[in-house]
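Trainee: One structure follows; several queries about it will come next.
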């Protein structure tokens with residue numbers, strides 16, 4: 001039996017859902033691999049490589065747009081696995097985090113409580129943000145806030161720790177390619193369907209899109225220097 005997928009009637013003829021879907025799927029696959037590698041590296045180094053704030057924001061975003069405001073498109077097939085994998089990463093972070101915060105007994109002794117409270121605050125923020133604004137626009141803005149926090153936070157994490165525990169070049173490659181393909185998807189959408197995705201063409205939108213890639217370049221230099 002042949003199944004046909006219906007797209008909005010106002011979709012421009014030159015817009016390719018296939019191309020947008022391939023870019024979306026590529027980004028999803030690379031980011032899924034990056035999350036798995038984060039877990040693997042955490043267990044090997046008995047540390048964590050994803051900045052705590054970035055992890056909290058990622059989990060809250062994935063939970064919100066998987067179970068509360070479900071998105072359309074290929075990306076939705078990756079959101080549930082991300083919640084599961086990031087849940088494992090939260091466990092590894094809680095497991096090894098206190099030892100990494102020995103310099104701050106207040107944080108070390110209350111690490112789990114801090115993580116749980118932060119997850120509640122971040123999820124409520126994502127939930128209310130998505131409820132007030134268009135879910136597509138809200139998911140874009142909040143996702144790239146998460147992305148900037150992760151990319152620049154990773155640079156700061158290397159600089160402050162002075163070591164690469166929890167990090168690896170394999171993670172970097174997957175993160176970088178995953179981010180790049182996601183950006184290319186949005187650039188294509190802006191060009192092919194400006195009526196729907198024109199909000200991504202503004203100066204701040206471009207800044208939000210490409211600052212993580214700049215951070216990844218800085219990260220590469222810092223990682224190689226520390227290693």
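Including glycine, each Cβ sits where the backbone N, Cα and C put it.
The transmembrane segment annotation in TrEMBL covers 15-38, 50-71, 77-94, 106-129, 141-159, 171-188, 200-226.
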Trainee: Please check if the transmembrane segment (106-129) comes into contact with the transmembrane segment (50-71), where contact means 3 or more CB pairs closer than 8 Å and the residues in each pair are separated by 6 or more positions.
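Mentor: Answer yes: the transmembrane segment (106-129) meets the transmembrane segment (50-71) with 3 or more Cβ pairs below 8 Å.
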Trainee: How about the transmembrane segment (141-159) and the transmembrane segment (15-38): do they have 3 or more C-beta pairs under 8 A, pairs 6 or more apart in sequence?
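Mentor: Answer no, regions not in contact.
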Trainee: Test the contact criterion for the transmembrane segment (171-188) and the transmembrane segment (15-38): 3 or more CB pairs under 8 Å, pairs 6 or more apart in sequence, then answer yes or no.
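Mentor: Taking Cβ pairs at least 6 residues apart, the transmembrane segment (15-38) and the transmembrane segment (171-188) are in contact, with 3 or more under 8 Å.
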Trainee: Quick test of the contact rule: Cβ under 8 Å, at least six residues beyond the ends. What residues does that give for the transmembrane segment (50-71)?
Mentor: 38, 79-80, 82-83, 86-87, 89-90, 93, 97, 115, 118-119, 122-123, 125-127, 130-131, 135-136, 138-139, 142-143, 145-146, 149-150, 153-154, 156-157, 166
Trainee: So if I exclude everything within five residues of the ends of the transmembrane segment (15-38), which remaining residues of that chain have a CB under 8 angstroms from its CBs? That is, six or more out.
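Mentor: Counting only partners 6 or more residues beyond its ends, the transmembrane segment (15-38) has Cβ contacts under 8 Å with 7, 48-50, 73-75, 77-78, 81-82, 85-86, 89, 166, 168, 170-171, 174-175, 177-179, 181-182, 184-185, 188-189, 192-193.
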